[in-house]
Every structure is written in structure tokens, then in C-alpha cells.
Amino acid sequence: MALNPTGEQASSATNATPYGTLPPASPPSTRKPISLPRIQEMHTRGEKITMLTAYDATFAAVADAAGVECILVGDSLGMVCQGRHSTVGVTLDDMAYHTESVARGLRRAQGTAWLIGDLPFGSYQESKEQAIRSASVIMQAGAHMVKLEGGGWTTEVVQFLVERGIPVCAHLGLTPQTVHALGGYRVQGRGDAAADVMKKQAHELQDAGASLLVLEMVPAPLSAELTRELPNCATIGIGAGKGTAGQVLVLHDMLGVNLGKNPKFVRNFMLEASSIRGAMEAYVAAVKNGSFPDDAVHAW
Ligand code: KIV
């Protein structure tokens, strides 16, 4: 039996296609669309921001119906959808395809989530001009914002994109596209010297106009300090403790269906829910009330 994004039974009469029954659109949402000013306002007020990855129309619509505010079409799709060991092999065409699918799902469900698309490895490292060409592909696929990894050299790329009207989410800490240079999936920013570099890069990214900053596998005290120091750039943590402005998890990890071992910072929300939408709602509630992440369990 088909379920629509609100978890109700679908009426197969209305959505039968030659290819099968599609989930119908949910009733018009009563939530206001998430926008950059709303995200900034949540950061200022101290309301936690929720983000999950999604790679297809249906899961995006369910996440939106569950109240997830930001949906990231992450290049983690290289692992969870394509079965790769890293994100390095993901192409701009792959990202455009999945971003378009997610955007279509959100439109169809009259969703309100803020949609972020990753710029994949090799699509922005060459020049600012290459970055804007790639970002345009992702924006035209339906994203509201692009995400790119790294600090230092990325500052001028971020500024170039922001000045041309493309909102940017930066990403520091463990940056999976450079996993080979980093020597593996390990915590970043440990020790005073590494922490100082990260702080400098984070400030530069805020000054360049980045509106969001993903902090991945960063010690909890450092990410909490960065969050306090960056009033205009909301931090979104993954394995970075509870002191960030918001949290993100890879969808398959939080549903307990990934191909490998779950990293320490993941909580399997399916263990406390009877449906996928229920698991997403539990995630949203836990982030909002501060019970996820638990620094004693999920952080460094
Ligand atoms: O690609 C991705 O899913 C990400 C998140 C882990 C933040 O970058």
C-alpha cells in the first residue's frame, strides 16, 4: 500500500501512472518556507536548526513532512546510493540528478525545507569561474544554496559566489573530499595549533558571506566556541557535539541502514520509532530539545 509523505494511505486512483502508483502530494503545508533570514533568526534566538541528507524525491518529501528544516543533497550519495568508499568519485552530473529529484519531491509535496546541494570534488577547486559554473548547475537543478568543503583557499570562492547571489554553506573539520590527504576519517582541530587554524578559517568564511558552516568530527568544545564566535554564520554539527547551532546526519545512518559500521556520532532513530517518518520526527524533537547529540556518547 502506497503511503504519502505524511504517512497516510495513498489513494491509488489519483496517482496511478504507467510505471506504478506514485505518492500523492501532501495537503498544503501550514509551515512557512524556510529562508536564509529564518535560519539566521533561529541561530540568533538559539533555536536548534535541523538538517538531514536526502537523495530522492520521496525521502525528501517525508523529511519535509517530519519537520526537517534543511535538506542536504550530500555527495555522501557516493557511499549510500552508489556504493563507493568515498565521495571523491561523485560527479557534478550525479549531484544535479539527485538535487533535481529532491527538488521535485519537495515541490510536489509543497514542502518548505531549505535545499542545499553539494558541489562535488573537482567541480570548484580549479577557479572561481569553475565554481560559479558548477554552482549554477546545482542551483538550476533546484537548490537554494550550495555547499563546498575546506577553508583558506575557499574564502575567495565563497565571496565570489555570494556576491553573485548564490548562498553558500561552508564545511570544515573532516572534509570527506580530501580524506586521502587527511589520512582517513578522523577528528580534526585537535590541539591548539589545529584549533587556531580552524578558527581563523571559520572567521574568514563568515566574513566572506557563508551563511552556514558544517563542522564535521570536530571536538565539542571547539565547535561550541566557534558557534559563539560566529553570529552571522550558523554552525551545523555532525560529530561536533551539542554546542552547534544545528545538527545534520546522513539519512541512511540515522535510519540504521548503512553499508558499514555506524560512526560513533550517529544515533539510530529507527530503534525508537515505528516508521521512517516517526524516526525523522524523533530526530527533529531530539535536536530541538537538546537530547541529541549527547556529548558523553556522540562527541569528542
Ligand atoms: O555529503 C554529506 O552528506 C555531508 C554531510 C555529512 C554533512 O557533507
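Placement of Cβ uses the backbone N, Cα and C atoms for every residue, glycine included.
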May I ask you to find which of D118, D192, D196, D207 TrEMBL records for the 3-methyl-2-oxobutanoate site already listed with D75, S76, K147? D118
If you rank the binding-site residues D75, D118, E149 by how many other Cβ atoms lie within 10 Å of their Cβ, the lowest count goes to E149
Which residues, in sequence order, are found in the same chain with Cβ within 8 Å of the centroid defined by the Cβ atoms of D75, D118, E149 at the Mg(2+) site, excluding those residues themselves? G74, S76, T87, V90, L119, P120, F121, K147, L148, H171, P176, Q177
Tell me the coarse DSSP state (helix, strand, coil) of S76 (3-methyl-2-oxobutanoate binding site). coil
Considering only the binding-site residues D75, S76, E149, which possess a Cβ situated under 6 angstroms from at least one atom of ligand 1? D75, S76
